[in-house]
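S.K.: In case it's useful when we look at the structure, here is the feature table from Swiss-Prot:
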{"type": "BINDING", "residues": "38, 39, 40, 41, 42, 43, 44, 45", "note": "ATP binding site"}
{"type": "DOMAIN", "residues": "5-221", "note": "domain 'ABC transporter'"}
């Protein structure tokens, strides 16, 4: 069995007395891709913030076995006064690893844009920068909160394929929040369905397909029907 990188247990998480997460027990294994699928307000993003260490007011624990954790947000959140290279390297001077940044720029398909400012980038290009920035610290786990929701369908598919290539190349574990059933099934080794508040994991759906996957694969269609059934049974759609 692959080595466990993180063990996440959330017994209880509340905001202003309202319980948003309850009874979460999740382990992330080395090299796997896991998606959290559910409706708005079920606590997916809150769970991701707990895993990242950005939210610490909860009852439970997050045990990180090894490696760093990085976060890619829904919006790229690039600093407008910094170049692409500087945004990736978290610095406005030469203190960042220029060789590593140059490699990441090439890997995400932005060769020639190292000195460009964010205002010169399309939405898809800006999100490529955000992904490269997430990889800069050589993380073992990359957390992504609906990273492709703001781009068009064709760009989304290209970014999904890019993410799979990068995860395989750098042997990174991914934990992804999404509302998109097709995206979850195309990317993931496991899809975790979350129910309405208080949010908890109601079903785990393994995806037994090798990558790269054919989006037209009949098995994906059958898995989508199963995922939608699980969402209906959890009273979330």
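Glycine is treated like the rest: Cβ placed from N, Cα and C.
For each feature listed, report its degree of burial, its nearest neighbours and the pertinent distances within the displayed model.
M.R.: Under the DSSP three-state reduction, residue 42 (ATP binding site) is assigned to coil, being neither helix nor strand.
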S.K.: I want the residues beyond 38, 39, 40, 41, 42, 43, 44, 45 whose C-beta is within 8 angstroms of the mean position of the ATP site's C-beta atoms, in chain order.
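M.R.: So the extra residues in range turn out to be 194, 196, 199.
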S.K.: Across the whole of the domain 'ABC transporter' (5-221), what does the mean pLDDT come to? Round it, please.
M.R.: 94
